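**Student:** Just passing along the structure, written as structure tokens.
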Amino acid sequence: MGSGLVARIRGSYGTKLTLALVVVVVLSVGVGTFVYQQTTTQLETDVRADLTGSADARADHLDAWLSNARGQTQLASRHPVLASGNDTAITRYLEGLAASDERPDGVVAAHVYNTSTTTIEASSADAFTGVNPREQGAPFATDPPSFATTSDVVVAAPFTVPAADFPVLSVLSPIPGTTDKALIYMVNVNTLTDDFGQNVAGSTTTVVSADGTYVSHPDQDRVLTGHDGPSRLLNQSRTQPAYIDANGTVTAAAPVDGAPWSVLVRAPHDRAFALGDFVASSLVGLVLITIVSLSLIGVTVGSTTVTALRQFSRRADEMAAGDLDTDIDTSRNDEFGTLAESFRSMRDSLSESLTDAERATARAEDAREDAEQQRADAEAAREDAEAARKDAQETARALESAAADYEEALTAVADGDLTRRVDASRDHDAMARIGHALNDMLDDIETSVAAATAFSDHVSDAAQRVEADAGDAIDAGTDVSTAVDEISDGATEQTDRLHEVAGEVDDLSASAEEVAETVASLADTAGQAASAVDDGRQATEDAVETMDDVADDAEAAADAMDALDSEMADIGEIVDVIADIADQTNMLALNASIEAARTGADGDGFAVVADEVKTLAEESRDAAEDIESRLLALQGQVSDVADEMRATSDTVSDGRATVGDAATALDDVVSFVADTDTAAGEIRAATDRQAHAASRVASAVDEVAGISQETAAQATAVADSAATQTDTLSSVDDAAADLADRAAALDDLLAEFDAHDDTEPEDY
Amino acid sequence: MALTTWFWVGAVGMLAGTVLPIRDCIRHPSHRRYDLVLAGITGLAAIAYTTMGLGITATTVGDRTVYLARYIDWLVTTPLIVLYLAMLARPGHRTSAWLLAADVFVIAAGIAAALTTGVQRWLFFAVGAAGYAALLYGLLGTLPRALGDDPRVRSLFVTLRNITVVLWTLYPVVWLLSPAGIGILQTEMYTIVVVYLDFISKVAFVAFAVLGADAVSRLVAADAAAPATAEPTPDGD
């Protein structure tokens, strides 16, 4: 488990950081605890020293006072006046003592006390004179001290008396020269402890007597009551300073040497050790603030670092897995931003390399497939060649065997067996044809030999008849010659007719080509039409533009006219103003003439001028009216012109619309022409095919004509042969006799050949 | 120094923290909803500290003084912090609702513990601790599952969530040490520590949230790209 934990810590930056921060916190807590311990120990020492020192000092203080009080009392008791018996002098002396600067602190009164009668015989305070302390329960009276010598001084236990409202301490010393008189200093106990200040916060100082009652206490009511502190401490403090920390109170005690008293200084524990609590609080607060600060640092630095690193790790894994399209955040400006930027450039370069590699792989794959294909092709070619070689071998073998067969058959035939035939059913076409040809030849030979045999048999007989029939034959030969001539003529005619047909077919072909040419020219025409239509459309667009310009011009002109119109209106207003001025001038002139008439002869000159002005004003007004009427007319004309301009503009707009329609119509024409072009193309293709067919027909007819010609030529040759035959027959007649002899010889010769007899000649 | 001095220090700190989201809101008006929540966190805390600085809402429970304004501040601002985390993670409405309820419950138990004495306050403290455990489960388990894939949003959420979880966990510890608890911390030190904790857990939270404002931009952009998932506005303006 331990090693697993170490592995976990090693494997996680966040855990390491957390651990480091925890170590810092633990260290702070440790140091804080140590400091607190030190402080507490030190504080305890300090408190103890403070309290003990305070108790010691106060005990010493009390001691010093007591010895001073003793000395003073003894000194004062020796004064001779006290023993003189003169009461007045004694009282004066006592008053002087009580008022003296040298009396011990806290002395409120001095008495002369008669120990036998236990009454105060004289006192510095009148109230005490004649008082019997025994009756009042004063310890020094109820339990009278014994004086060893006349110089002895006794400090009696404190007490309260009705005559005083404070606890009273008495210091007694016998008066020398008397037997039963003593001087008593009465001391206010409170003044002894008034100056016990607090040198430890919340501390109180008390004086406790050996019998366990408070001699002095800050609370007046507690004085002379029982002591409530730990008695062990009190007993211990009889002889030496003591210190105790119990029941939430810290107490230090010190003995007073001059009296059976102890000075006790006590303080509540929590107030004495408040500094320790404050230190503890401050240390804990400091540690807490450290923890808060470290938490913030750990959380922010740790979280952002760990999340950033985890993201980088994930991106790297993704890149390792081949995903190079991952989004890498590079918005930070610190080292993480730089790292992210490096990651991104690494990814980009990886991506590029990968793309290159993939491209190279694809090329290699293509090359491999090509090679494979070529290899397959070569294999197929090799197989084809092998098959061809086998075929050739088989063919050669077949040819060889066929040739052997043929050779054997022909050898037999040559030996005279004319019935022998070759086996013509061969796989090889050429050999089969040869076989068939051989068989045909052998058939012919056999027939010929058989015929020749029969012929030779009959020649002898026929030779005689030939002679007789030769004449008939000559006649018949002539007839044959004539008939053959007729055939030759028919064949020649047929040839001519065929030539005619060929010519007609040629004509057909030519006309088809003509049609094709016509169609081609039609297509050209359609193309021209299309371009012409395009020109037309361009022209209409130009016309539209021009019209738009005209319309704009007309509009501009109309606007200019309107502007002119408004300017004229302005001029009319000016003219109106002139007319008004003229009216006012006229009025002025009228007034002037009236004024002139009123002034009589002296104003005649003035009247003349007034008349002139009036006339001038009237003329001005007339002129103004004239201008106004002309302006009105002109304005009307300008308005008309502007209206006409607008009308022109509208007309042009209408014209523009019409031209637009024309353009649309031209578009239709273009599409029609395109259709025509397509149709013409189809026709041209059809006629091309027709012309081709016609030329094939023409060549076939030419072939037929060739055959006919050949027939005619052969017929002519036959006719010539017939003629020759006729001539020959004449000589045949002569030769027939000779022939008979020869036939006999032939018959003997033919007997050597073995031929079928069933091939009898039908007729001779 | 008097306690009020520390309260005034807290008030000034919170006020300074409020400036950040307001500046962000001016720069990016589209972040308004997010920035208002952030400004609420520190702004309301500033008001609470001002009232404490003026000595208002101080009440005595047993032998110690309790400042009610501090608890009212927590009752309002801690749900705002949880709400902001929920706005980043986008869980369902029910999840957000129970997280906020758990948070209010924890603070209410804290208030009850602060206003009572003796055994009762330990009882309330235990109840609040149980509620806090549930809230921790929500912040550490439920919310991250609802988180989208955007790395910036994830990063911002994790940082803010960790600040919140770690610092909030220190509050009960500090309370245990305070005069209301075992009393090792004296009143003034307790005040200083809590003011510092408050300052860090609120102002640092707000500061990091504003620093990660580009994550909010991405969330807002994603909302704009997919309006079907956004909450419909009732009047459309």
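Cβ atoms are placed via backbone N, Cα and C, with glycine included.
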**Student:** Decide, relying only on Swiss-Prot, whether B:THR59 and B:GLN186 lie on the same side of the membrane.
**Tutor:** yes
**Student:** Does the structure show the transmembrane segment (B:187-214) and the transmembrane segment (B:68-89) touching, where I'm treating 3 or more Cβ pairs under 8 angstroms (sequence separation 6 or more) as a contact?
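**Tutor:** Contact between the transmembrane segment (B:187-214) and the transmembrane segment (B:68-89): present.
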**Student:** Near the transmembrane segment (B:151-178), which same-chain residues lie under 8 Å Cβ to Cβ, leaving out any that are not at least 6 residues past its ends?
**Tutor:** 78, 81, 84-85, 88-89, 110, 113, 125, 128-129, 132, 136, 139-140, 143-144, 184-185, 190, 193-194, 197, 200-201, 204-205, 208-209, 212, 214-215, 218-219
**Student:** For the transmembrane segment (B:3-23), name the stretch out of B:32-53, B:68-89, B:120-147 with the most CB-CB pairs under 8 Å.
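**Tutor:** Looking at each of B:32-53, B:68-89, B:120-147 in turn, the most contacts to the transmembrane segment (B:3-23) are made by B:32-53.
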**Student:** Would you mind listing, in sequence order, the residues at least six apart from B:LYS202 (N6-(retinylidene)lysine) in the same chain with a Cβ closer than 8 Å to its Cβ?
**Tutor:** B:MET14, B:GLY17, B:ILE41, B:THR42, B:ALA45, B:THR77, B:ILE81
**Student:** Could you tell me how many residues in the topological domain 'Extracellular' (B:116-119) are helical, how many are strand and how many are coil under DSSP?
**Tutor:** 1 helix, 0 strand, 3 coil
**Student:** Cβ under 8 Å, sequence separation of at least 6 from the ends of the topological domain 'Cytoplasmic' (B:24-31): give me the contacting residues as numbers and ranges.
**Tutor:** 38-39, 210, 213, 216-217, 220
**Student:** Taking helix as H, G and I and strand as E and B in DSSP, count the residues of the topological domain 'Extracellular' (B:54-67) in helix, strand and coil.
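**Tutor:** For that range the per-state counts are 0 helix, 8 strand, 6 coil.
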